Amino acid sequence: MSYPQEVNKRRTFAIISHPDAGKTTITEKVLLYGNAIQTAGSVKGKGSSAHAKSDWMEMEKQRGISITTSVMQFPYNNCLVNLLDTPGHEDFSEDTYRTLTAVDSCLMVIDSAKGVEERTIKLMEVTRLRDTPILTFMNKLDRDIRDPMELLDEVESVLKIRCAPITWPIGCGKLFKGVYHIAKDETYLYQSGQGSTIQEVRIVKGLSSPELDAAVGDDLANQLREELELVQGASNEFDHEAFINGELTPVFFGTALGNFGVDHFLDGLTEWAPKPQARQTDVRTVESSEEKFSGFVFKIQANMDPKHRDRVAFMRVVSGKYEKGMKLKHVRIGKDVVISDALTFMAGDRAHAEEAYAGDIIGLHNHGTIQIGDTFTQGEVMKFTGIPNFAPELFRRIRLKDPLKQKQLLKGLVQLSEEGAVQVFRPLMNNDLIVGAVGVLQFDVVVSRLKTEYNVEAIYEAVNVATARWVECGDAKKFEEFKRKNEQNLALDGGDNLTYIAPTMVNLNLAQERYPDINFFKTREH
């Protein structure tokens, strides 16, 4: 197959949802339909307890939530689909944001009993930054749901995106009978499939067919016809250009748990979602059709293989083809490296990649030299932009139970901060170690991983820090004066960047007023 054909058949997407909307179930069912796993919801390990394929960290196993982002590749409809799993728990980290910089489209999963929830709103704001095309799956039709028309209205008004229903539900809960495909004029009748059973779906042609009345009952058939008249009058038709621009979302109804409707949105994804897209660098735009290799690191994850103390850097291939043993330029450090053992992912199963194309995600073994945001090329000096680092909103001082392990603690914290799991600050005036996070759960993750991966027992204490900003200044003399007068508020982060840590927002505002020549940054490019 030629290079353009390989690139054109790739689709790279992430699933976004509020916790408990059914994202983990959908992820499994997508893999099931892609024949990538045999039993949904399980990797039967030696302990024979089932763990979802994409949840591999110890704490995730205990809590049943997907904290880290994994990558899964599977074939579907003559396409190769890369699914990036994003954390679905109550408070998520920058990992989620950064993962969304590595995809070309997203599937938004909504719990049809609840409608649009707060996390979904937050994630949609992130996809807006790059006008990412969005498909929508209204989940849990096997339960009692809100009025479907009301759900569409809510998505339109709250998320500011037009809805184009592709399928329409017939009943819900115990009365759920299936969905009607508007463009194809076909009804797909619901039979619950459990676990890894995908039922053969019975299809009824035509909305006026007596077979439809016989299958779902006169009342529901008539209700469907009435609702469709309303829908066709009140909602939008699917418009591919508006979808690609992130202005309109095709909407599918189904139940992931009942293995129903998942294939409809997969068909939509492979048919409509964009092939790998161009990306901006600080020098020029790189097109996916270019044959020279380039890519950027959007995530670093430690210890994916408990048997090996390794760290893997996840790289999105932007252009060209990766081949085993190829020489690439690691732009930030200006060094050429030979990559002979990159990984491809089927969650939990890591295979060595012989080749990878634009749109694919590969894993590079990292011994501390690779950072989030790093660019790799075949020689060209450029840096991909738009991979953010956010100023944390929560801070704690971290302290050792055994003071002799200070070295391991620092090593662990710096590695976890390079991974983006948390940020670490070392104040200039003392030997404290302050941990900053975007969400509370990150603190638990850090303590649990320090214990299991670095054999360090640590505890947190309250610390008088309300917020942090990265500081820079073009005038060296003024910067020195600022540093001299504010030493008690300055710290170095994990990458040795100077940071202003403020005990209150008032303190920060005063500092910004007092030093107009100093730039205080809330986000920083990696």
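Each Cβ is built from the backbone N, Cα and C atoms, and glycine gets one as well.
Taken from Swiss-Prot, the feature domain 'tr-type G' covers 8-277.
For 17-24, 85-89, 139-142, the entry in Swiss-Prot reads GTP binding site, with the evidence type sequence analysis. Counting every protein chain shown, the number of other Cβ atoms lying within 10 Å of the Cβ of Thr86 (GTP binding site) is 24.
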Report summary line: Across the domain 'tr-type G' (8-277), the model's average pLDDT, rounded to a whole number, is 84
Query raised in the report: Any idea what DSSP makes of Lys23 (GTP binding site), helix, strand or coil?
Result: helix
Report task. Look up Leu141 (GTP binding site) in the DSSP assignment and reduce it to helix, strand or coil. Result -> coil
